[in-house]
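Worksheet for the structure shown next.
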Amino acid sequence: MRSKHVLYIAILFSSIFGGKGIQQNEEFQRYDGWYNNLANSEWGSAGSRLHRDARSYYSDGVYSVNNSLPSARELSDILFKGESGIPNTRGCTTLLAFFSQVVAYEIMQSNGVSCPLETLKIQVPLCDNVFDKECEGKTEIPFTRAKYDKATGNGLNSPREQINERTSWIDGSFIYGTTQPWVSSLRSFKQGRLAEGVPGYPPLNNPHIPLNNPAPPQVHRLMSPDRLFMLGDSRVNENPGLLSFGLILFRWHNYNANQIHREHPDWTDEQIFQAARRLVIASMQKIIAYDFVPGLLGEDVRLSNYTKYMPHVPPGISHAFGAAAFRFPHSIVPPAMLLRKRGNKCEFRTEVGGYPALRLCQNWWNAQDIVKEYSVDEIILGMASQIAERDDNIVVEDLRDYIFGPMHFSRLDVVASSIMRGRDNGVPPYNELRRTFGLAPKTWETMNEDFYKKHTAKVEKLKELYGGNILYLDAYVGGMLEGGENGPGELFKEIIKDQFTRIRDGDRFWFENKLNGLFTDEEVQMIHSITLRDIIKATTDIDETMLQKDVFFFKEGDPCPQPFQVNTTGLEPCVPFMQSTYWTDNDTTYVFTLIGLACVPLICYGIGRYLVNRRIAIGHNSACDSLTTDFANDDCGAKGDIYGVNALEWLQEEYIRQVRIEIENTTLAVKKPRGGILRKIRFETGQKIELFHSMPNPSAMHGPFVLLSQKNNHHLVIRLSSDRDLSKFLDQIRQAASGINAEVIIKDEENSILLSQAITKERRQDRLDLFFREAYAKAFNDSELQDSETSFDSSNDDILNETISREELASAMGMKANNEFVKRMFAMTAKHNEDSLSFNEFLTVLREFVNAPQKQKLQTLFKMCDLEGKNKVLRKDLAELVKSLNQTAGVHITESVQLRLFNEVLHYAGVSNDAKYLTYDDFNALFSDIPDKQPVGLPFNRKNYQPSIGETSSLNSFAVVDRSINSSAPLTLIHKVSAFLETYRQHVFIVFCFVAINLVLFFERFWHYRYMAENRDLRRVMGAGIAITRGAAGALSFCMALILLTVCRNIITLLRETVIAQYIPFDSAIAFHKIVALFAAFWATLHTVGHCVNFYHVGTQSQEGLACLFQEAFFGSNFLPSISYWFFSTITGLTGIALVAVMCIIYVFALPCFIKRAYHAFRLTHLLNIAFYALTLLHGLPKLLDSPKFGYYVVGPIVLFVIDRIIGLMQYYKKLEIVNAEILPSDIIYIEYRRPREFKYKSGQWVTVSSPSISCTFNESHAFSIASSPQDENMKLYIKAVGPWTWKLRSELIRSLNTGSPFPLIHMKGPYGDGNQEWMDYEVAIMVGAGIGVTPYASTLVDLVQRTSSDSFHRVRCRKVYFLWVCSTHKNYEWFVDVLKNVEDQARSGILETHIFVTQTFHKFDLRTTMLYICEKHFRATNSGISMFTGLHAKNHFGRPNFKAFFQFIQSEHKEQSKIGVFSCGPVNLNESIAEGCADANRQRDAPSFAHRFETF
């Protein structure tokens, strides 16, 4: 019999393909269904809309499901629950039941999830025996709405239309798939066959094509996709029956291909494949349309005879068909499958568990193992013998209670899902759908009269649930109730028949269509003769005697009837449903990851503190890196009783110098390496000498510290080369102390403690400053003079018990200890101890000088000068006192001239030149024109300002009337705010624009992700979190782009010379850099925290949810990403964590405390910005949430940044030789080096300098203002030693000066722009320099006089310059005095006016100031206006400048000007005072305005 069947098939193939071949240019039917209908190419294609055969029924008419309808689960329990095992009265076999699933999967897949996921909840009745066994009433069955066309669902005229992801044609997509890549993965490309794994079976899914692979509910875990067979439909491995049909059709294709190849060996692989595919499709079309459909609907219902192809007929799957009618076969599916052995004997197999049938609920998504265990033959034979369930409303529990679901809800209800699918698709109610198909409406009683009679209570309950209104009855419920023993009811029959008719008539490639030229009439008749039985026999080892003629039905007399009607009795029980969260096992990783991220900045801060403390602990700092105790000196060894040792003296944290320590008898001397005493300490009889030294082996690099304390003076802190030197040093101290009975106390301490306790000269000075501030606050009764951080009252023992020495008093007054004025004042004041002065003693005398009447002050001065106590003062003693004051003030006149000036002053007061003594009356006459209350100086606050007589002559340039000076009220908040806005209007505008752009970018992205991005599931999963983080990302990208522009120093320098400089305050580029950095830190923090929350939500999502969230990513079907995956296994996660770490490192080491103490670390960590930008670019590349946009933000700034660096390299000058260097007072360093020929700059600009001789970390350079004029041949810099690098440079220069060795070479970059370079843009300019801030004006003033004294004067716009120099004492700036002398000598008459404000007298004695005024006034009057202090014509002022009065004077002097430039360089408080003065002056709208440019150090 087998041979007869093979012969028959061979004849069939010979008949069909014997007379012609398939040409290469012949049209092959597409896999995706497109262009089947040439007029409507998308009809029936994969991804096309479902066909709407009746109007949609949504509660809002657009897309909303009617939530007022009864619970789908409750309907399922009432109507579809029942006993299984009732045989089908028509004799339908299980083959028909499972083949209906093949047909459904062949033509539709409309339950795919849509993005965003729309999950509805099906309410479970209380105490449901499957889903609510504990009677909690909280369980809800999840239902996910189907994928739909995004172009629909937007209005009443365009209701939501779901999508069919399969083709509507019967075209073999169940076997081949719907895409070319999918088909290619299935083919062997040999002889037209589909690829095989083992013979007769397709390969397993090692290539991981996207087959459906949900977690089998019976094991409740994800399984590897490698175990699944690869076939055309992704759902084919769902159950054993479905997979068996898939394998049958797979073999049918290869069987056909073999036959065709045998007949036509010359055909190509593609020709054979397409020919075999044609026959497979044709045979499926015939079996489905003419065998299956009548079998399902009943023999009396058949499709009409085929007439012709009808291109106007839409083949699309209708909503009513897919969501209701074609779900009727659920009622005939049995709970288990019989397994029948091959052979002539009628034997059935028990499954491996000993159960008589294979339970369906226990084998979801395990079909491949069943097939391999029992074979396709046994499954097919079992289904052929097994009678299906009866055609009724009952659905077995394997489908109704235990069908597979997602992992978080492992079992679902297929009936409830079908009801919800109809509602989701907008299928109209039962009666309305009947009217659409020309059927009369039904009532509750007539819907199924037999059912109503038998189950009246159920119908009544149903009626109650729908409120008695049958107009709301779901079509699926009504259609299922219509059915009976003869199959589906009339509504479902009409829908199914209509659907298959449209599919057939609208298919251009239908096998009966004569116009497509595929088959002849004879070939069509031959195809009509093919049955499913023929295909089974051709593809299995089943003999024809084992199968009935019609495998869809089992009739009496057919071979091997079933032994029993399968029901749930005696079968393997179903594993109950389980609920779980996808967050399981993620808690620990998530919590510890967040803790780790939070600890990153703390760790960075800890590392920074460790670096700083370690340097302190081992006494290591950059100032002593290159210094050792091994240096040459004039007296290296001990001479006689003199002990000597080389050491390093630790003066302050960033300054260490080489010294020679010598101990002779009871004196310890600190000397310079080549001679010269720096300090002497004498040990007194009975003195307690305290010594602290480092613990043994404190540092292998430098050796131990020694601290020697001294009362009323700063400690001596030295570092010896070794512990051996330390031992010898201590022995010498003990020996010196033993001779005078002094007690020596020696203790060892850790370096960090020792250095922190050391009262260095700097720390002692801070304490003295506090001492004097508090005393002045008491004396002047002015709380503003107090330390803002120290609270002082009369009970503060720490201050009251403080004493100062004569040397410290002299230093505070700016005098020397041997100064006559100091000696006399100290002798008169120190009453309890001749060596020290207490706080109360100092306060008493201070009050006398400040608050006492003028008469009492003169008496005090008279007592100081009356050394003999005879109530008269020796003329020469008073002369010596005045001479000491002049010497302190730095008077630049000889002693003879001073004596002449002194005699002139006395003569002016009426004292005879012959008088040897002066009486008190002479003193009174001498100071008669001095006010009783004279201000200390010109304070910044401008309160109660009245120029004194002495000041008036010195302040004649400022003699203006100020209406508000005498009656100025305290500044209100509004006044301060308005002054700030007036001063910083450009800055405020720029910052406002910056903030506005940040907010616009943030809210644009926020709005987009919160309200617009509906095609993703972001909003449902993450809520506002994703909107916040994406908004922060947009603003952060902008900040990171902008921050690059703020450091393009070379480009900024070029822009300063353009009109842009008038609108953008480039002076504040670094300040703006910090503002942008703070905003970036805020956005980055918000972004990071937001995503930490977001990824928690991501970790709770199913695979479908993740597919919607991350549409650009692909996850394996057996892979559910954990939180550790997101954090540590994705580019986004890893780069995100790396970015947090890098950003924390950069920001932490950019804190001022680390910049000051660990500058190298700051420089190095800022190089991580390169990695920061690279990581940020990588961060967005995976496109998890959106396409990366960071590159669009930064591409322009990066290009400009690179151009800026190229310009910088072009302006990089290496190994410049220092030709001259000096160490000036106040720790100022002067260097002069050769100017490169091509180096051009403007006065007021600055350069960055580094030196290869100073061992610094990579790329360290420091900025300094240029002191030389553009016309000079050499470059000059004046550098204040304040940090590690400058102190190290100072030490190197000292070494070179002492040893005569070459100066260190330097590298230079620049020049860079500065606000001071704009002075030439104004006709009137005001320049204010304070401290080392006068450096840029050394260049500017020289440039000014050289320009104005040359023939090109007419090219210089500037016509008047006011220069104000604010300094504590000009003695420390002799170099600048020389510059001013040179400027005065060359300046054109009237172009430059200079004022010098000496602030050291502020908080000092007004008596001293008064005497200086008197001498200065008389000297100027007799020496052509030259100052006796400076030798300059510049006016001297004792106190601080009153900028408000000065600016008002300038406005009155230059009314014709519209704008006047103000340039300042100095400390913050100076610039703030100038800015405030400018703001006040700018309120005068009819006067010139002031434009302030400043530099702060």
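Just so you know, glycine gets a Cβ as well, placed from its N, Cα and C.
Listed features, source Swiss-Prot:
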DOMAIN    817-852  domain 'EF-hand 1'
DOMAIN    853-888  domain 'EF-hand 2'
DOMAIN    1030-1210  domain 'Ferric oxidoreductase'
DOMAIN    1211-1318  domain 'FAD-binding FR-type'
REGION    26-590  region 'Peroxidase-like'
SIGNAL    1-21  signal peptide
TOPO_DOM  22-587  topological domain 'Extracellular'
TOPO_DOM  609-986  topological domain 'Cytoplasmic'
TOPO_DOM  1008-1024  topological domain 'Extracellular'
TOPO_DOM  1046-1068  topological domain 'Cytoplasmic'
TOPO_DOM  1090-1134  topological domain 'Extracellular'
TOPO_DOM  1156-1163  topological domain 'Cytoplasmic'
TOPO_DOM  1185-1189  topological domain 'Extracellular'
TOPO_DOM  1211-1497  topological domain 'Cytoplasmic'
TRANSMEM  588-608  transmembrane segment
TRANSMEM  987-1007  transmembrane segment
TRANSMEM  1025-1045  transmembrane segment
TRANSMEM  1069-1089  transmembrane segment
TRANSMEM  1135-1155  transmembrane segment
TRANSMEM  1164-1184  transmembrane segment
TRANSMEM  1190-1210  transmembrane segment
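The transmembrane segment (1025-1045) and the transmembrane segment (588-608) are not in contact, since fewer than 3 Cβ pairs between them lie under 8 Å (pairs 6 or more apart in sequence). Within the chain carrying the transmembrane segment (1164-1184), a Cβ under 8 angstroms from the stretch's Cβ atoms is held by residues 1040, 1109-1110, 1112-1113, 1130-1132, 1135-1136, 1138-1139, 1142-1143, 1145-1146, 1149-1150, 1190-1191, 1194, 1198, 1257-1259, all 6 or more beyond its ends.
No contact links the transmembrane segment (1135-1155) to the transmembrane segment (987-1007), because fewer than 3 Cβ pairs that are 6 or more residues apart lie under 8 A.
Nonlocal intrachain contacts for the transmembrane segment (588-608), taken as residues 6+ away from its ends with a CB within less than 8 angstroms of a stretch CB, comprise 1088, 1092, 1095-1096, 1099, 1122-1124, 1127, 1137, 1140-1141, 1144-1145, 1147-1149, 1151, 1153-1154, 1158, 1161. Model confidence over the domain 'Ferric oxidoreductase' (1030-1210) is summarised by a mean pLDDT of 87. Taking Cβ pairs closer than 8 Å, the transmembrane segment (1069-1089) reaches residues 597, 990-991, 994-995, 998, 1002, 1028-1029, 1032-1033, 1035-1036, 1039-1040, 1042-1043, 1046-1047, 1049, 1052, 1136, 1139-1140, 1143, 1147, 1150 in its own chain, all 6 or more past its ends. The DSSP breakdown of the domain 'FAD-binding FR-type' (1211-1318), given as helix, strand and coil counts, is 20 helix, 42 strand, 46 coil. Here the topological domain 'Cytoplasmic' (1156-1163) has, by DSSP, the following mix of helix, strand and coil residues: 7 helix, 0 strand, 1 coil. Note: the topological domain 'Extracellular' (1185-1189) comprises 0 helix, 0 strand, 5 coil (DSSP; helix = H, G, I, strand = E, B). Within the same chain, residues 115-117, 150, 1030-1031, 1093-1094, 1097-1098, 1101, 1105, 1108-1109, 1111, 1185 sit at least 6 positions outside the topological domain 'Extracellular' (1008-1024) and bring their C-beta atoms closer than 8 Å to a C-beta of that stretch. Counting residues 6+ beyond its ends, the topological domain 'Extracellular' (1185-1189) has Cβ neighbours under 8 Å at 1016, 1018, 1026, 1030, 1034, 1037, 1109-1110, 1177, 1179 in the same chain.
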